[in-house]
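Taking it in order: structure first as structure tokens, then the write-up.
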Amino acid sequence: MSHCADAPERAGEVTGVQVARIALIGNPNCGKTALFNALTGSRQHVANYPGVTVERKAGLFTTPEGRTVRVLDLPGTYSLRARSPDEVIARNVVLGRVASEALPEFLLCVADATDLRLSLRLALELRALGTPMALVLNMADIARHRGIVIDEQKLAAALGMPVVSSVAVRKAGMKGLLAFLDEKLSRPLPEPVAAADWQAPDRHGLRDLQREADRLIAVCVTLPAQTYSTTARIDKVLLHPVAGLVVLFAILFVMFQAVFTWAQAPMDLITDLFDWLGVLAAQYLPHGPVLSFIRDGVLNGVGSVVVFLPQILILFFFILVLEDFGYMARAAFLMDRIMGGAGLHGRAFIPLLSSFACAIPGIMATRVIDGRRDRLATILVAPLMTCSARIPVYTLIIGAFIPDKDVFWGVQLQGLVMFGLYALGIVAALGVSFIMKRLIWRKAQHDPFLLQLPDYKLPSPRSVGIGLYQRGKAFLHRAGTTIFSMMIVIWALCSLPLPPKDTVRPAIDYSAAAWIGHALAPVFAPIGFNWQINVALIPGMAAREVAVAALGTVYSISASADDPGHLGGVLAAHWSIATALALLAWYVFSPQCASTLATIRRETGGWRWAALVFVYMLVLAYGSAFITYQAACAFGLG
Ligand SMILES: Nc1nc2c(ncn2[C@@H]2O[C@H](COP(=O)(O)OP(=O)(O)OP(=O)(O)O)[C@@H](O)[C@H]2O)c(=O)[nH]1
Ligand SMILES: [Mg+2]
């Protein structure tokens with residue numbers, strides 16, 4: 001089987017080859033994306049909780065017998081009676097209601113073999129559409145392990161469609177499915193006809209379908225005598241109202257300690273690498289603007305961001321393992337009461353959790369929330385979650401200003417401060433949503449929070465590996481594109497116009513950057529920012545971590561002979577603690593990410609909510625930096 005990820009969006013673009021169009025549809029968390037990845041070789045995000053995929057993804061693959069297939073991965077849904085925006089996407093695709101997407105010729109209805117009730121009901125709903133389809137019993141490995149026996153032939157006869165089993169997370173588990181597809185595609189599929197008069201089943205219709213599904217299960221499935229209870233045993237502890245919360249906070253705490261302690265050695269290695277490249281550049285390039293551009297602009301700017309790669313990978317290692325284990329849905333359950341008190345829906349937890357990576361996937365993940373108000377409330381606070389772009393800013397300042405010492409029992413102060421900054425973001429999100437709810441949606445009612453808790457699974461090293469690879473790639477990609485191009489601008493602003501020949505002052509004092517930084521001084525002086533920080537804030541609008549790169553370049557160009565070599569050391573020598581703390585407070589809240597605002601605009605259908613987010617975050621950022629700076633000065637830290 002050969003494959004191709006990120007395939008062209010439309011089948012017609014594969015010229016001269018007959019392409020079959022199939023779609024994967026099924027309940028949330030049954031392994032559709034894992035199957036999609038196995039077929040196409042893509043690396044889409046897979047995790048053990050419902051609602052991971054919220055948009056359709058297309059991929060191409062070639063079957064063992066050489067047929068080209070275009071496959072769609074769809075968001076999970078329990079029924080075609082779609083409620084939330086992600087379910088609407090899945091429904092519209094199979095009904096042929098998406099303008100840019102041809103109707104699939106064949107549907108693979110993916111089911112979790114360990115829990116067929118709702119899957120079979122969906123299969124019965126889909127069958128009524130008339131599109132040729134098959135039922136895939138995925139997670140066959142777990143079903144076998146638990147002693148669940150499904151009579152596939154009987155089920156196929158009763159359903160009137162082929163039934164195949166698969167283990168999507170193992171290549172070998174895909175053989176049967178691929179052979180089936182080859183056999184199916186050996187004859188041309190009839191051109192599908194959209195069910196124009198399709199009507200969503202009402203509650204009674206669904207109940208009848210459920211009754212039929214339950215009947216099929218009674219006839220075709222043999223369940224083991226005693227129920228499998230590892231999940232229940234673990235949940236006794238992890239879902240306990242007190243013990244569960246203690247475990248949750250302990251996990252988060254260990255995570256942030258690890259971010260600092262484990263990352264040190266690889267970070268030193270990356271710093272050494274960039275230093276070495278700088279020395280190399282100085283050896284081979286003549287002194288002048290080219291060397292300054294390479295060393296001060298590119299190596300110092302980009303290098304000061306790339307060095308945070310190990311910390312980002314460590315943080316996501318924890319998150320990905322917990323996700324794949326099945327813990328995150330439990331965390332959502334534990335947090336539901338706290339979040340409900342603040343006016344957030346329980347379903348907001350996973351989108352907010354995704355926002356720790358980046359607010360953009362987080363905001364997109366709110367598509368799993370069906371009420372528009374609940375969804376908007378989550379979108380409004382998602383940018384307050386500490387995204388990975390803040391990590392470079394936080395760790396740079398913490399590393400430079402917070403002493404590296406143990407507070408008690410091996411708990412390290414720097415990790416504690418980092419934990420505090422994350423907690424501050426969360427508390428702020430709860431507070432903002434609490435206030436918004438009082439101001440904007442006074443009468444809003446919550447639907448009850450229903451989330452199917454998945455069974456625990458051993459995390460798959462492949463899924464975790466894919467997740468880490470994607471995160472690392474995205475981070476380095478930004479360093480190589482956004483940050484790199486911003487660095488060219490910053491370097492030019494810091495180097496031009498050229499200083500007069502006989503000056504004794506640093507060249508940067510004559511530059512456009514200094515002029516801009518000084519012009520902004522009246523605005524930012526009350527919060528303790530110097531002109532160098534003011535300069536860094538502007539390109540930081542593109543992406544937060546650019547600010548770190550910009551500081552790297554500004555201070556590298558203005559470096560005097562007695563400055564310590566690394567950015568952290570330079571900052572410690574030039575800033576007061578009050579300034580450093582104010583900048584941390586600023587970054588917890590600042591709306592400095594143009595792409596997040598653009599995503600909010602897209603997902604809410606207008607600039608209104610994006611503007612609200614920008615304004616409230618700016619007010620919070622300025623206000624908290626002001627209070628922090630003034631308070632720190634009052635304590636003599638200015
Ligand atoms: N043991 C086992 N685990 C599987 C199998 N298929 C998927 N998984 C795991 O099941 C979980 C859910 O997989 P996903 O592919 O994200 O499920 P999905 O159907 O795309 O979920 P949504 O996008 O939320 O609808 C992940 O933890 C996978 O690693 C399988 O055949 N066997
Ligand atoms: Mg998925």
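Using N, Cα and C of the backbone, Cβ positions are placed for all residues, glycine too.
Averaged across the domain 'FeoB-type G' (19-187), pLDDT in this predicted model comes to 92. Annotation comment: TrEMBL describes 19-187 as domain 'FeoB-type G'.
TrEMBL lists 242-263 (among others) with the feature transmembrane segment. Beyond its flanks by at least six residues, the transmembrane segment (242-263) meets 310-311, 314-315, 318-319, 322, 327, 330-331, 334-335, 391, 395, 411-412, 414-416, 418-419, 422 of its own chain at Cβ-Cβ distances under 8 Å.
Within the chain, the transmembrane segment (269-286) has long-range Cβ neighbours (under 8 A, six or more residues past its boundaries) at 294-295, 299-300, 303, 306-307, 309-310, 565-566. Annotation comment: TrEMBL describes 269-286 (among others) as transmembrane segment.
Below 8 angstroms of C-beta separation, residues 47, 251, 255, 258-260, 262-263, 266-267, 270-271, 274, 277-278, 281, 328, 331, 353, 356-357, 388, 391-392, 395-396, 459, 463-464, 467-468, 471-472, 475-476, 479-480, 483-484, 486-487, 490-491, 545-546, 548-553, 556, 567 of the same chain, each at least six residues beyond the ends of the transmembrane segment (298-322), sit close to that stretch. The transmembrane segment annotation in TrEMBL covers 298-322 (among others).
Positions annotated as transmembrane segment by TrEMBL: 342-364 (among others). Sequence-distant contacts of the transmembrane segment (342-364), counting only residues of its own chain at least 6 positions beyond either end whose CB sits under 8 Å from a CB of the stretch, comprise 49, 51, 54-55, 315-316, 319, 328-329, 331-333, 335-336, 371, 374, 377-379, 381-383, 385-389, 422, 429-431, 433-434, 436-438, 441, 444, 446-447, 449, 451, 471, 474, 593, 595-596, 599-600, 603.
Annotated transmembrane segment per TrEMBL: 376-402 (among others), in sequence order.
Within its own chain, the transmembrane segment (414-436) is flanked in space by residues 252-253, 256-257, 259-261, 338-339, 341-344, 352, 356, 377-378, 380-382, 384-386, 390, 394-395, 398-399, 402-404, 407, 584, 588-589, 616, 620, which lie at least six positions past its ends and keep a Cβ under 8 Å from the stretch. Here TrEMBL flags 414-436 (among others) as transmembrane segment.
For 479-498 (among others), the entry in TrEMBL reads transmembrane segment.
Feature annotation from TrEMBL assigns transmembrane segment to 510-529 (among others).
The transmembrane segment annotation in TrEMBL covers 541-561 (among others).
As annotated by TrEMBL, transmembrane segment applies to 567-589 (among others). Long-range contacts of the transmembrane segment (567-589) within the same chain: residues 300, 304, 384, 386, 390, 393-394, 396-401, 421, 424-425, 428, 527-530, 532-533, 544, 548, 551-552, 555-556, 559, 617, 620-622, 624-629, 632-633, 637-638, each at least 6 residues beyond the stretch ends and with a Cβ under 8 Å from a Cβ of the stretch.
Here the transmembrane segment (609-632) has long-range neighbours at 376, 379-380, 383-384, 428, 432, 526-529, 576-579, 581-591, 596-598, 600-601, 638, meaning same-chain residues at least 6 beyond its ends whose C-beta is under 8 angstroms from one of its own. Look at TrEMBL and you will find 609-632 (among others) tagged as transmembrane segment.
Within its own chain, the transmembrane segment (376-402) has Cβ neighbours under 8 Å at 259-260, 304-305, 307-308, 311-312, 315-316, 343-345, 348, 351-353, 355-359, 362-363, 366, 369, 413-414, 417-418, 421-422, 425-426, 428-430, 432-433, 436-437, 441, 471, 475, 543-545, 547-548, 551, 567-569, 571-572, 575, 577, 580-581, 583-584, 587-589, 591, 593, 596, 600, 603-604, 609, 612-613, 616-617, counting only residues six or more beyond its boundaries.
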